[in-house]
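Chemist: Sharing the feature lines straight out of TrEMBL:
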- A:Gly9, A:Ala10, A:Gly11, A:Val12, A:Ile13, A:Gly14: NAD(+) binding site (BINDING)
- A:5-177: domain '3-hydroxyacyl-CoA dehydrogenase NAD binding' (DOMAIN)
- A:185-251: domain '3-hydroxyacyl-CoA dehydrogenase C-terminal' (DOMAIN)
Protein chains: 2
Amino acid sequence: MTKTAAIIGAGVIGAGWAARFLLNGWDVRVFDPAPEATRTLEATLARARRTLPMLYDVALPLEGRLTLHDSAGAAVAGADWIQESVGERLELKHAVLREIEEAAAPETPIGSSTSGFTPSQLQQDARHPGRLFVAHPFNPVYLLPLVELVGSAKTDPQTLDSASETLSGLGMHPLPLRGEIDAHVADRLLEAVWRECLWLVKDGIATTEEIDDAIRMGFGLRWAQMGIFETYRLAGGEQGMRHFLAQFGPALKWPWTKLMDVPDLDAALVETIAAQSDAQSGHLSIADLAHRRDDNLVALLRALKARDQAAGRVLAAHEERLRPAPVAATPMQTQRRTVPVDWTDYNGHMNEGRYGQVFSDAAETVLAEIGAMGDYVARGFSYFTVETDIRYLAETLAGEAIFVESRVTQGAGKKLRLFHEMKRARDGALLATCDQLLIHVSLSARRACEPEPEVAQALARLAAAHAEAIA
Amino acid sequence: MTKTAAIIGAGVIGAGWAARFLLNGWDVRVFDPAPEATRTLEATLARARRTLPMLYDVALPLEGRLTLHDSAGAAVAGADWIQESVGERLELKHAVLREIEEAAAPETPIGSSTSGFTPSQLQQDARHPGRLFVAHPFNPVYLLPLVELVGSAKTDPQTLDSASETLSGLGMHPLPLRGEIDAHVADRLLEAVWRECLWLVKDGIATTEEIDDAIRMGFGLRWAQMGIFETYRLAGGEQGMRHFLAQFGPALKWPWTKLMDVPDLDAALVETIAAQSDAQSGHLSIADLAHRRDDNLVALLRALKARDQAAGRVLAAHEERLRPAPVAATPMQTQRRTVPVDWTDYNGHMNEGRYGQVFSDAAETVLAEIGAMGDYVARGFSYFTVETDIRYLAETLAGEAIFVESRVTQGAGKKLRLFHEMKRARDGALLATCDQLLIHVSLSARRACEPEPEVAQALARLAAAHAEAIA
């Protein structure tokens, strides 16, 4: 059954939540009284629709239904999840939460996107504080998996467990914190860096662009996959974390940061930073920057997904949940996906190599259907492709949804031959065909051999069904 | 002429420098009296040899010659660059620099890898302070592009310019700082985060693993491509950086960090961190962790290179410098590269799609040779592949060096037909062949058309030469 999320406050963060829910098949009910809310929501949805489907090698569920409402009370009616993302003023949050509680069922979970307030602060006047917690996401909410999940002593632990499940179901990584603290975890780290950055600019050691380079050319790449502690464990070498701490502990007493003090963000410093930022990025509009950021994130997240590491693990797990069970129809639909930005070349269309990858993935679906993936591979057997003949019939662009239909044209002995047709989802246009010959192999001998009887029989059945349908 | 680098101190950082120079074709002379130095050097070189060549889609230069020496004086003889990476104790640095200056020519540049000391501190007793500067890299030095370049008032500006050129030639991103400051730029940011992290662990808000997740599931991904200022500019929206500063400036006065104070790294806190780190990563050896980190970095850096963004721009620029001019021999060598880790699939070998990519890249080399790339594409013409027939003859593994030999088998009118052979560099074994048909197109009409006369003539000449060589 389709679930419903109520989004109260649809600025950049609220709109990001709306997109995350909607594209994962939830109906979404939005309330935001601000005049620019509709524009933000539309722009964010457009960005999310372009990029979120590119993260996965399978299709997302059918998009839910989006409706706009005139009040928080109207928006939360019948909701299975309520997400509050209004401005960071405690009185405003309290007023909105009061309105939500008047209209919502008492058991409906309410997550707050607050970056600064603790759940205890939010719960001060709550009628049903047990279902109220902090669910703090990161911009862009539709692409970044992290969401900090914080309850107080009053929050019902079961509510947090079930919230965690819901967020995982959206492809996110819920991170339950062990205690309440101002600004939670990630924003504290960001605030520390931010303060140090302000000093570096103020003291003229580096410009905003140079500081950005100091981050993204070096430790930013480490942090995208390991974080700080695992990186330092590695720096400690075989002698481990205790050795590292003994070695670098003394630096805590050295003047390596100015953070005993906070710079005054006066007009002069604001002007310096703003002017440097203009020099660095002023030639790009905010839409350009967001486009660039999103495309970079798609490429980085896909790189990590292929390695099943860090944020890529979250994606890989979500993809497995999204993967449809293969249906033994003729032809079989063996792929349904969106072409990601990292698949195009200088001609502006999908590179020929990526067609090969799509047909390779299509073959894997057939192999899964005949029981020749997973355990079978672990037991030392597989199919290797020995020849492909691909015809490229029409251009395929980044962002286009495609599907592949596959037929077994030969399936006896060591041989498996497939004929794939790749089509554009929008209009069914034929984009490419592939005649693909695979040979059954022993992975220990790395040589051709006969498949095991179950696989041989399943393959024979599939080949017969496909031959019959054609005849 | 082959250049020579002297590496004084070959711990993890010095060994990383040795690898970076060596794999970019420099001869390297190493001195380190520590008993484990040879082992560190060998392990680091093995890691670098496995991964650095994977970053580029062309081959690195022939590796230089590595020699070990008994003293700093012996190591620096005849060096074009001296890199000091001994322990972080000022007296030790001074003693080593004195020994270096006694043996080295007075104009040879000396870079120090120090993370804590300023160039002025290093120069205190220097005979020729003008050629002394800080060149502070980041671990792993052979993969991460960032190197902070810091001079003092005494450092010769020309020395810094020429150092910058040398470092760019190694595929690095030299970041000249505008002033001297303890710990330079990046380590100050790291120190700020580190101190905040220590508080979070001490106060039991999150474990080391949870903090790492808070980084790598969220802002670590933003920082791998944009850094902090550009990210915040985007957060400020159309109203720009001034708006962002006005909105978030007040947070500077809020208790969002404990950094007015420094936690005491006592035995209890050391034990807590070490135990949490063991729970997080104790099942992985340091070699496992380094392997994982390097593979992740290869995948992330390659993702950014394909988009020509952030650190990927540095790689792309280095790759262009490394790209050999095509030689119109028969057959033409159109590819020479190392198979990266992100190209393999569940069978443990290169996925069939990546063969398609290699042959696509091989075709680009032929197109460059006949003048049908770059400007020609910008003018609105290109060749699109319409059919490929690939035979996969032997398995190809990650880390293997391969090359492709290509022949024009048809080159008249709109048609260009190529026959490629992909071979293993080690033994010349034939791995795959590809019969590839391309059609000349107008990029505005997205339809086939005749090539321009210069391209048609160049293609006809190449086709004739290849036909003759076969006959």
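Just so you know, glycine gets a Cβ as well, placed from its N, Cα and C.
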Chemist: Identify, in sequence order, the binding-site residues in A:Gly9, A:Gly11, A:Val12 that approach chain B with a C-beta to C-beta distance under 8 Å; the answer is 'none' if none do.
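Modeler: Only A:Val12 pass the 8 Å Cβ test.
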Chemist: Compile a sequence-ordered list of residues in the same chain as A:Gly14 (NAD(+) binding site), six or more apart from it, whose Cβ lies below 8 A from its Cβ; state 'none' when nothing qualifies.
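Modeler: Result: A:Ile7, A:Ile8, A:Val30, A:Asp32, A:Gln83, A:Ser85, A:Val86, A:Ser113.
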Chemist: Quick check on the domain '3-hydroxyacyl-CoA dehydrogenase C-terminal' (A:185-251): DSSP residue counts for helix, strand, coil, in that order please.
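Modeler: Grouping H, G, I as helix and E, B as strand yields 58 helix, 0 strand, 9 coil.
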Chemist: Select one residue from A:Gly9, A:Gly11: among these binding-site residues, choose the one with the most other Cβ atoms within 10 Å of its Cβ.
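Modeler: The residue with the densest Cβ neighbourhood is A:Gly9.
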Chemist: Which one of these binding-site residues, A:Ala10, A:Val12, A:Ile13, has the sparsest Cβ neighbourhood, judged by other Cβ atoms within 10 angstroms?
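Modeler: Least crowded of the binding-site residues A:Ala10, A:Val12, A:Ile13, by Cβ count within 10 Å, is A:Val12.
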Chemist: Residues near the NAD(+) site, A:Gly9, A:Ala10, A:Gly11, A:Val12, A:Ile13, A:Gly14 excluded, by Cβ within 8 Å of the Cβ center?
Modeler: A:Ile7, A:Ala15, A:Gly16, A:Trp17, A:Asp32, A:Ala37, A:Thr40, A:Ser85, A:Val86, A:Ser113
Chemist: Calculate the per-residue pLDDT averaged over the domain '3-hydroxyacyl-CoA dehydrogenase C-terminal' (A:185-251) and state the result as an integer.
Modeler: 86
Chemist: Where does A:Ile13 (NAD(+) binding site) sit in DSSP terms: helix, strand, or coil?
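Modeler: Assignment for A:Ile13 (NAD(+) binding site) reads helix.
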